[in-house]
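Trainee: Residues annotated as signal peptide in TrEMBL: 1-20. What TrEMBL records for 327-348, 364-390, 396-419, 473-492, 499-521, 541-560, 590-616, 636-656, 691-714, 720-740, 752-770, 776-796 (among others) is transmembrane segment.
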Amino acid sequence: MKYKLIFLFVLSLGQGLCHAELKDAFNWSSAQIPDAVVKTGQVGAYTNETLLLAGGFENDGNPSASIYALVSETPGQYKLVSESETDHPIGLCKSTYREDGLYLAGLAGEVSRTVFRITYTEGTIGWEELTAFPKPVAVIGMDFIESLLCVFGMDPETGLNVLYTLDIDSPGLGWVTEEDFQWPVVNDAVVKSNYGMLHIFGASRTGDNSLGRTCYGWRKLPVDGTVQKGWIKLASLPDDFKAATTFTTGQSHIGFFGVGFGDTLSKRTSLLIYHTVTDTWVEADQYPESISAVTAVRIDNSCLFTGNGQSKVPLVGFAPTVSKLKFIDYVVMAIYFLLLAAIGYHFARRQKSSRTFAIGGGKVAWWAAAISMFATGASAISFMAIPSLVFRTNLIWLFPIVVFVPFYFVQAYLLFPLLRKLDIISTYEYLERRFHPSLRLLASLQCIAFQTFGRISVVILLPALAISATTGLDVFVSVLLMGLITTLYTTFGGFEAVVWTDVLQGLLMIGGIGLMIWFGISGMPGGISEFVQVGQQYNKFDFYIGGWNITLALGIFLVIRQLAESFAATADQPMIQRVFSTPLTKVRKFAAMFAFFAILIAVFVQFMGLSMFGFFHANPEKLDPFMTNDQIVPLFVTQTLPAGISGLIIAALFAASMSTLSSSVNSVSTLLSEDFYCKIKKNVTDREKLVVLKISSLVIGLFGTGTALFMASLNIKSMFQLWIEISALIGGGFVGMYFLGMFTNRANSPGAVVGAISSIFALIWIKNYTDVHWSLYQALAIVSCVVVGYLFSLFLPHKERDLTGLTVFKPAK
């Protein structure tokens, strides 16, 4: 009862739920274009920092053939820089655009035989005719799904709807006639793509003069995690539809400009927003004046509407939702950081030897080490990315937990005891004993580079960016708080401080996720029953994908991937260091506790994604129309949770980052000391090793924090993502070496090296020249290394060595 009262007191601090109004998200203004280029019904595009305008009607009412290129020298003011005319009147037509130009079809309202492209390069307007359709079509609308140009229309001969697609990046393949539209014929609609789906909004019927509400969607390929492709029916418009212009606001939101309501159908109406993931509509804002438009042109964080026949054209700027944290949130976060500092201070006095600093003297409580291992693997990226993935797909990512229980026996009875009996500190010492010293150095160097130049900085920065986007908390403040505090308690408190702060952070993560699940479901009007109903309606509880389509996230692929990741822990110093810190007699209990928490967190983060889907399906107005999908977790925290609880969950997000960060810093310092300093300098005293460990922890932590700040200031995340991918290519080979070493007696050093190199080339080939789903990449790299490495070991010369204690077939006593 006492804890219930405390919980209710904390909730009362929130003073209710907070959320920003959608009507505050759009800033309406206008832009000015020269009178000479104004045409009613013009279509537009923005390419190469140039506004292209084409078609429309001349003053005498005839279709215009004019094309104009304009640039903005001052905000909101455009001037003409080039113009051209086509041989064919453009008039009122259907259009879409991407970075390479403006695409037109249905010129002057006629039946189309092809699509035309307008380009603008080096001051010259270009006009290009694409390959002809299989049959002429009365175009209703068109848009791009990445490089795939989709044209939806009606065959004038049969009176049936058709969908033609053309890969613009491979135009030689020609147009493809996609599967038949299985619903009643549509003769008018608005067509817009978003997040891999072509949307047909407000479909009107032949012979039916009423306005349409029905909406459909079509996918060429299924969203990752589903098998859903082809045509589906979507949620209907909230009211009748008329003359709408659509524009993309965020990664999964579409805005509608110029919609009609009821019988009035006035031009001055509300802006509608459609969310493609939750399949929901919301009324967002009122236009500032009576305006109409034909096309919407996205320009950075704003949208320009063309074709209203005036030199003053509507312009709307986007203002992403930012919900400031309350004072009580900062108090909760401060308490969390103080607890971390206190743990670091407590263990700082016990760091008397290098072995204690590196692995806690090998005497860390088995249950604490197991929780620490789970917390190390569950970074803030996982905390946000996995729920986001489930939010937009389903539960197939949960299926691999079937691996955890059987693989527990492999870890508890084979892998962990084998490595623990070696009494080593660096896991890569195993490669030296089993194969050759050079492999130890190479593997250690790869891990150090990956952790220092990639993982440490990314695991700090990405959560900080997401939190900043939704809370307004400065990115640099977040990075500095996480980086400096983690570096300090890791440097002074050593491995024990890392483990016990991980325990706090791991439990905080689980508690925070549990709270989010509860708030998500309870925030739905129908509670748990509505949660189940919505989940069933949108196939959110799908658990497994069968069959043999290698382009999909098949259940068997995800199981193999999980097996590969579980085995990869043996080659991951931050993870396996927890095994080395546990007494040998407690290794099996350690493995059981780790498996329990791995299953628990897997279930929790998956259902957290489902609960957020249910909540935002019931409350779409609380979504930020400018958000990216990966911001869904911090958005949910700031938009729906009471003050105080929000601060607790933000602290949990910090905890998820800091547990991974502290483990990386400690493991890198351990590798630098064990694999390099002690190899280079002979007769190193334990005091020297301890000093090296502390100095390297401080340097690595500060370097990682500085790198994250540098990335934040220059926005060069893509370079680091490329580096991480390269490191992953190399890492698969080293994991394969561990498999060769532990599960074969015949594998030797030359064979292992050839196998590791072959895995790199194999993975590059698989990634670039096959359609195999990405979830199988790591497993295929390991298999390639093992197969090639073993075969070459049969023929390459090698030196015999005693394998006692180095393979599962010759265990140590």
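Glycine residues also receive a Cβ, built from the backbone N, Cα and C atoms like all the rest.
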Trainee: Three or more CB pairs closer than 8 Å, sequence separation of 6 or more: does that hold for the transmembrane segment (364-390) against the transmembrane segment (636-656)?
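Mentor: The transmembrane segment (636-656) and the transmembrane segment (364-390): touching, yes.
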Trainee: What stretch, picked from 541-560, 590-616, 691-714, has the most CB pairs under 8 A with the transmembrane segment (396-419)?
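Mentor: Maximum Cβ contact count belongs to 590-616.
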Trainee: Does the transmembrane segment (752-770) come close to the transmembrane segment (327-348), meaning at least 3 CB pairs under 8 Å for residues 6 or more apart?
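Mentor: No, the transmembrane segment (327-348) does not contact the transmembrane segment (752-770).
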Trainee: Of the listed stretches 499-521, 541-560, 636-656, 776-796, which one has the most C-beta pairs under 8 A with the transmembrane segment (473-492)?
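Mentor: Answer is 636-656, with the largest number of Cβ pairs below 8 Å.
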Trainee: Can you tell me which parts of the same chain pack against the transmembrane segment (590-616), counting only residues 6+ beyond its ends and a CB-CB cutoff under 8 A?
Mentor: 275, 277-278, 280, 366-367, 369-371, 373-374, 377-378, 382-383, 386-392, 395, 397-398, 400-401, 404-405, 407-408, 411-412, 416, 506, 509-510, 513-514, 516-517, 519-521, 523-524, 530-531, 534-535, 538, 540-541, 578-579, 582, 622-623, 632-633, 636, 640
